[in-house]
Structures are given as C-alpha cells and as structure tokens.
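In TrEMBL this protein carries:
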DOMAIN    B:41-350  domain 'AB hydrolase-1'
ACT_SITE  B:Ser146  active site, nucleophile
BINDING   B:Arg216, B:Asp345  substrate binding site
ACT_SITE  B:Asp311  active site
ACT_SITE  B:His344  active site
Amino acid sequence: MNSLEHIVINWVEANSKVIDFGCGDGSLLKSLSRAKGTTGYGVENDPLKIQDCIKNGISVIQQDIDAGLLEYKNMGFDVAIMASSIQCLRKPKEALQNILEVANQCVITLPNFGNWELRTGLLKGKMPSSPQLPAKWYETTNLHLCTIADFEELCAAEQFNIHKKVYLNRRGKTSWLTNCFPNFLAAEAVYLLGK
Amino acid sequence: MKTCTEKIFFDLPLTLESGSILPFFELMVETYGELNSVKDNAVLVCHAFSGNHHAAGEKSEETKAGWWDQMVGDGKTIDTSKYFVVSLNNLGGCHGSSGPISVDPTTNLPFGAAFPAVSVQDWVSAQKHLLDHFKIDSWEMVAGGSLGGMQALQWAISYPDKLKKAAIIASSSKISSQNIALNEVAREMIRKDENFFDGNYLAQGSKPKQGLKAARMLGHITYLSESSMSKRFGRKLQNPETRIDTKVSYEVENYLQYKGEQFAETFDANSYILMTKAMDTFDPAKDFGQDLVECFKQIQAKLFIASFNSDWLFPKEYGKDIQISAVKAGVRSSYVELEGEYGHDSFLFHSDNYSASLQNFLETNDELS
C-alpha cells in the first residue's frame, strides 16, 4: 500500500460512501473498502482502466469528469476523492466548487510544481519532469499545474476549508524538513477539504 | 460445447401480472456447457424482442447460428467451457414455449389473440421455475440486451438473492414515448393486414404475413445505425437479376424486403404484438411510487450496465439513468459506454472492449461487500 492510500484510509470514516474521480484501476477504492468497509464508486473515462476496475470488483462509471461532476450531487456521498487529477481538468476552480457539492469532505492530491527539482529543471531552460510528472510537455494531460502556495491561495480566496493536509517528499514520505518548506521540498500534497 | 434442447412442461399454475392464470405452461430451453458440482456456474441469458432459446452454436446446417453466438460459446466472452448457460424462449413466444400458437386445451384451437398479455415480470416469474428445474440455488449471472436487459434488471429486483450479477446491456428501466410510438406503428401494420382477423388468423387458416413483414422492416431500421447502413449499403443499386421484387431499386430495399419476408415466415404476429406490449409496459418503478431509487434498494446483485454510442433506439442516457439510480440506492454497479458501430444491434456482436468488460464482470468474484 502506498503512503497516499495510508493517508486516505486514516481520514475516511468506516462505512462511508465514497466516490473517486479519476479512479484509475480502482486500487484506492479497493484498499478503502477492505480497510474501512466503504461503499465505493469510481469515475473514469479510459476504457482499459475501466476494464481493470471491473476486474478488481470495483463499481465504476464511465464519464468525462470535465463534463459532469455535478451529476453526482445529492447522491449521498460522504467523501469525494480526486487524486492527481485536478491539474488535468479544464476548469479546476469550478471543479473544486462542484466536488464540494458532491460530498462534504473531499480528498484532493496534487503534484507540487514548486518542488526544487522541478525548479532546477526549469532553470536549465527545459520543461522539467519528475516521478510525479513523468510525461513530456507534448504528451502530458496536465493543463493547470500549480504549486502548493498557488493551491492554498486559491483555497483561501474561495473559502475552501483545508481540514487536514499532508506534504510528501519525493520518496512519498512526510518529514520535519518538508513540513518546514513544503512549497520547495514537497513533491506532492494531500488535502482534506470541506466547505 | 455440450448443447441440450428440451421443452420443459411445468404442471403448475402461473398467475400473471394481469391477474390471468395459466393453469400450466411450457418453456423451450437450450443449455450450453455443464453445471459444476457446486452449481455456482449457471448463467441465464434472456433474449430480446425477436430472439428465442437458440442463443449459441449451429444446431444443424439449416439453422442459423444462435442470436448471441458471438458472445456465448467455448472460449468466448460467456465461456461455456466454464459456465453452464441457460437460454429459453419466453412465455408468449412462438418457438416452442407456451404462446399464441399453442393449443388452448379448453377449445382445442390455437390461443391466438386469446393468449393472455404477459409482462417482463411474468417472464421472470416463469424463468424462476428454471432454477428449481435445474436444482440450482442462484444464477451466477443473468444477462441480456435490450428487452433481455429488462429481464436481467427485473430479476435483480424481483429475486434479489437468486442472482449474483445482472448484465443490463443496451437496455432501459422504461422506454420512451418515441419507442412506444414505433412499436404502435408496427402493431398497426399487423392489425391492418386483411389476414389478421382480430388475431384469430390461425383458426381461419391464414397468416398476416404482409403486415408482419412491414412491421419487421420498420423495426429492423431502428436496430441499425445510420452509419452502419451507409457503410453496408450506401446508395448502391440492387443487381436486377438478384432482386426480390421488381419494385426494388436499392440494395437496402432488397435487404429489408428479404429480411422482412424471412421473418414473416418464422414469427407469429400475435407474439409480435404481445412482446412489443411487454416492452412498452416495462416499468419496475411503478410498484414503488415511480421511485426507481426505492425500487433499486431491493437489489443485492452487482450490476453491469452498458450502452452503445451508435444506439439511437435505446440511447446511452437510458443506461446512465439506471446507473444513477443504482448509485443513489447504493447498489454496486458499473456503467460503460461502448463504441459498437451497429446501433441498437451492437449488443449482439463481439467487440474487444465490450467483451473484455463483460467477461471481467462475469469472472470477478471479489470478497468485497
């Protein structure tokens, strides 16, 4: 189990109803279901990943997230998850507003573009890459990359309450030093947002 | 593939949704593969509007491959080397099960129009007796496309603990007024045939073949997509030497004429009317104050819901609606939108993503609850 799964399992209450936007092969939902007895639904638009979800025994809904987050409003979800997907959406701010309509608690993770390795990569004059952002600029699905500072500024401006947050370094670990200088040292940030 | 075809006589009364009672009934059944020792590999496949018990394999040189032959068989999506697959002709059909062409024991004449109206729920009630017949506790999966998908959904609602999975493909929880309208045009074509005799044509020694043919031609168009018709026929002219009729100009006309004629030879007009009525009236939410979510709270089975992009008869919104209600009701359910170029008929044909998704659904037995 990776550290993201650990964090989310700790945050999610037992027997919650969970929706995971951009659920991939459904492994996070599967871990959550095993550990916390959650009822989970994944939303995914890649046919091969959907096949994997079904093989994993995970309920999955084929849907383009950009097109219809609000369809899942009033469906009784306790928790909505959007892991490493927010930067791929056409309108991230609206997506965050909408996901907070879907569930009272939202787990959002994002790759931190302010990480020092990416900054030094950019200093060399080329689009940087990292384990969190491996794709070349011409192949990436990321449209709206941001730093931790950018994201938290948006949350403050839009009054999205950050209930919990964890900063992970490039090895996927938390550390005292990373917590001191998250915008420079963290490779990924995990948030529990609420209204 | 081990195949058995049998007509099963059920010497027990079946009370229909309409209140009518069939004192006994017969079902024509075909099975593929073998039931395992723990009896947990049984799959029921339900036919769509004009299908019958012959779902897979070629019975003889005269008979066509079964209606789901691309999906059911040894090594296929529903793999008959692993699963025991049961297929039947539904009540009210005309391929061996009790229906309008059966003889009414009280008159010794064919039932004809007197055969009672049957609903999707009645079909499922009748199918339930197959579990007892084969001494199976529950189906591993009930699957079907179109009207067959409605039966799979009804199974999950009516007998929650008698199936583990339901595959509802190119289907709907109720059809639209446009669908009902198309069905009514087809029925009107049959009724207006001078050989219809208010449905009692068999007693008159005739058949309303022209009406049935025209109804089928209309229906056939709705099962295809514009692009599949363009690709297959385009505006190609029919070779005059092979045309079915001198009035025919284009290949597409010839094809519809041929298919319609073939259908009218083998299908019964009263069955046609009865089956379209069953489709029109299907609405499982009606017993739950029109609340589909409340209705779906009965369901314990896992659902697989699939729609095809080129299907304009049962468009993908129908599948999505089932999925949304299933999520609201907390039913474990997946929804996929498949490419499928053949319109509504796409559910009949193998395609990679369709087959892989359905096979993964059937073969995954997770411990999640």
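Note that Cβ sites are derived from N, Cα and C of the backbone, with glycine treated the same way.
Where the annotation comes from TrEMBL, it is an automatic prediction and has not been curated.
What TrEMBL annotates, mapped onto the structure for a quick look.
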residue  : record                   : Cβ neighbours (10 Å)
B:Ser146 : active site, nucleophile : 27
B:Arg216 : substrate binding site   : 23
B:Asp311 : active site              : 26
B:His344 : active site              : 23
B:Asp345 : substrate binding site   : 23
B:His344 (active site) versus B:Asp311 (active site) - Cα distance in angstrom: 4
Integer Å distance between the CA atoms belonging to the residue listed as 'active site, nucleophile' and B:Asp345 (substrate binding site): 9
Residue pair B:Arg216 (substrate binding site), B:Ser146 (active site, nucleophile) - Cα distance, angstrom, rounded: 16
Rounded distance in angstrom between the Cα atoms of B:Ser146 (active site, nucleophile) and B:His344 (active site): 8
Per-residue pLDDT averaged over the domain 'AB hydrolase-1' (B:41-350), given as an integer: 95
